[in-house]
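Asker: Please read through the structure below; I'll follow up with questions.
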Amino acid sequence: MSIDSEDVELRHKNEEHVDVQSSSGQQTQSTTIAIKNTKSDDDPLLRGTWGSKLDFILSVVGLAIGLGNVWRFPYLCYKNGGGAFLIPYFITLILAGIPMFFMELALGQMLTIGGLGVFKIAPIFKGIGYAAAVMSCWMNVYYIVILAWAIFYFFMSMRAKLPWSTCDNFWNTYTCVNPYVRKEICFDQRVPGQFLANGTAVIAKVCTLGGKNVSASILTDPVKEFWERRALMISSGIEEIGNVRWELAGTLLLVWIVCYFCIWKGVKWTGKVVYFTALFPYVLLTILLVRGITLPGAMEGIRFYITPNLSKLRESEVWIDAVTQIFFSYGLGLGTLMALGSYNKFHNNVYKDAVIVCAVNSSTSMFAGFVIFSVVGFMAHEQQKPVSEVAASGPGLAFLAYPSAVLQLPGSPLWSALFFFMLLLIGLDSQFCTMEGFITAMVDEWPHLLRRKKEIFIAVVCFVSYFVGFACITQGGMYMFQILDSYAVSGFCLLFLIFFECISISWCYGIERFYDGIKDMIGYYPMKWWKFCWCITTPFICLGVFIFNIIQWTPVRYLDYEFPWWAHCFGWFTALSSMLCIPGYAIWLWQKTPGDAIDKLRLIVRIDDDVAALRVKMQARTKKLGERL
């Protein structure tokens, strides 16, 4: 692979003229490249552009707004001090989240190429592109399993009575009791001969079950039993991988088919799909919010969600959670934003677009918090428990807390079906946009091999990813899911990648030249604040939180289950499979490049070309590629 192996394909049907101006406004280099092309718009060699400005905005919104907005952000607010969590959240958003979001979109639009080709701007850091591609592969395999679970629950909701509402199903155990009826069979009882330090008798919760009094601690929940014994049929541990859950294999196949047809025709087709997948979830969220706030106990849940506990700000974990939540929820570091931005016209105002999408993303996270905690408050009210005992995160929120809450609502199957359909739509556009980022990077890197066969290539990627995903839909699949979640797509991997990405542009290529490129695109220089963030605050935050993540790292667990040593080894393998791409490629390219250290620095670390010169060279390669193909 040569340093200059990247080729940018033809973007227009007939003739394209490139006029490059310096940042001072004077035309220092005017290069006109006429690309004669008699091919139709359907020609597979054409790279394509967005059908409209709104297509691009909705696609980026769809990528940025995912499951993390619905099930992780509200939980993190509750866990980390309620409204106080918004302080570190917005600080890190302003100092790192929005700057990186803007940088990635601008970089893709500036060079008109995907997540591998953009590192022509600093060739020694091209390993970042490969790391992002590897991480995207793990993300595609892991993330889509959640959508398969959502479809399973959606189908199970389409009946007169929800299957997790009772304990008389074949998968239920003897100790299964609905939490909403426990107040009828449970009571407080004094424990004979046991007293507290102050002399008060010990009181235990006892329930009458099958004519006998038993401890309330042994009772199980029909919602949890449905999740573990019916949906997952979970085994005792990762050592017992068990059989494939064929129902989940079917729903996983369905999601992959939908994902394929969302992206198979390129961004013009993807841009139309997101009109539904990005907008309709807001309709569903609004419907669920209106229903939620009318429930008894809803205000208690919302109060719990937003009440600040400022003492939490002294804990480093709060700041770590804020940073990782922002980077994941904004889709940073995976090359997807660069790919989506690369289909824009060169003079599109990407600065304004980035600010708009970031505002929509964070607003959606807070809006979803009101939706979720209004229902969680109702559930706590009905079960006569504190909100803290029923609030949960991740799969626990989507597949345990909410299904339990809807049981008490009139027309519960309808509300359940709406909720899981919303989860599917919210996750689907994030999934296929991440796929689009990976496909764009690969096709842009090897256009002569993949451009004409793009539809087949997408089908092969989907097919292989589907079967790799079987590891997460076996009876032991939840344990594999937790390993991938904690290692392969973990916060420390993403922080490592984003740190080098920011350094490669701001320090190696040079922030002034990058700023000149932005000015050439949008017609003016953005405020100097972004320079400060890209050079100082963003890399400092990434490095600092990465170090804290490593120092405070503890072995992953699933509930009370502790993973064996070899599972952790596999987890670290998945993490390092992306992280090591960055130093590995840098060492390889340094050794391969001829010349002394000074020559190598000029060729692969801090190149001489500014953005204008790079675009001219890339247009020349466009013409050469067109002649060859």
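These residue numbers are counts, starting from 1, taken along the chain as shown.
Cβ from N, Cα, C; glycine included.
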Asker: Based on what TrEMBL records, which one of CYS176, CYS186 is disulphide-bonded to CYS167?
Answerer: CYS176
Asker: Between ALA64, CYS176, which of the recorded positions has the fewest other CB atoms within 10 angstroms in the structure shown?
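Answerer: Among the recorded positions ALA64, CYS176, the sparsest Cβ neighbourhood within 10 Å belongs to CYS176.
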Asker: If we skip the immediate neighbours and take only residues 6+ beyond the ends of the transmembrane segment (456-481), which ones have a Cβ under 8 Å from one of its Cβ atoms?
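Answerer: Same-chain contacts beyond the flanks: 137, 140-142, 144-145, 148, 232-235, 237-245, 248-249, 252-253, 256, 259-260, 263-264, 435, 438-439, 442-443, 450, 558, 561, 563, 567.
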Asker: Around ASP429 (Na(+) binding site), how many other C-beta atoms are within 10 angstroms of its C-beta?
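Answerer: So the number of other Cβ atoms within 10 Å of ASP429 (Na(+) binding site) is 26.
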Asker: Roughly how many Å lie between the Cα atoms of ASN69 (Na(+) binding site) and CYS176 (disulfide bond), rounded to a whole value?
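Answerer: It is 32 Å, counting Cα to Cα.
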Asker: Per the definition of 3+ C-beta pairs under 8 A with sequence separation of 6 or more, do the transmembrane segment (127-155) and the transmembrane segment (318-342) touch?
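Answerer: Checked: the transmembrane segment (127-155) vs the transmembrane segment (318-342), in contact.
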Asker: Report yes or no: does the transmembrane segment (318-342) come within contact of the transmembrane segment (415-435), defined as 3 or more CB pairs under 8 Å with a sequence separation of 6 or more?
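Answerer: Taking Cβ pairs at least 6 residues apart, the transmembrane segment (415-435) and the transmembrane segment (318-342) are in contact, with 3 or more under 8 Å.
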Asker: Below 8 Å between Cβ atoms, which of the listed ranges 56-73, 273-297, 354-378, 415-435, 565-590 makes the most pairs with the transmembrane segment (248-267)?
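Answerer: Per the Cβ under 8 Å count, 415-435.
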Asker: Give me the long-range Cβ neighbours of GLY62 (Na(+) binding site): same chain, 6+ apart, Cβ under 8 Å, in sequence order.
Answerer: VAL274, THR277, ALA278, ASP429, SER430, CYS433
Asker: Far apart in sequence but close in space: which same-chain residues, 6 or more away, have a Cβ under 8 Å from CYS167 (disulfide bond)?
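Answerer: Sequence-distant Cβ neighbours: CYS176, VAL177, ASN178, PRO222, GLU225.
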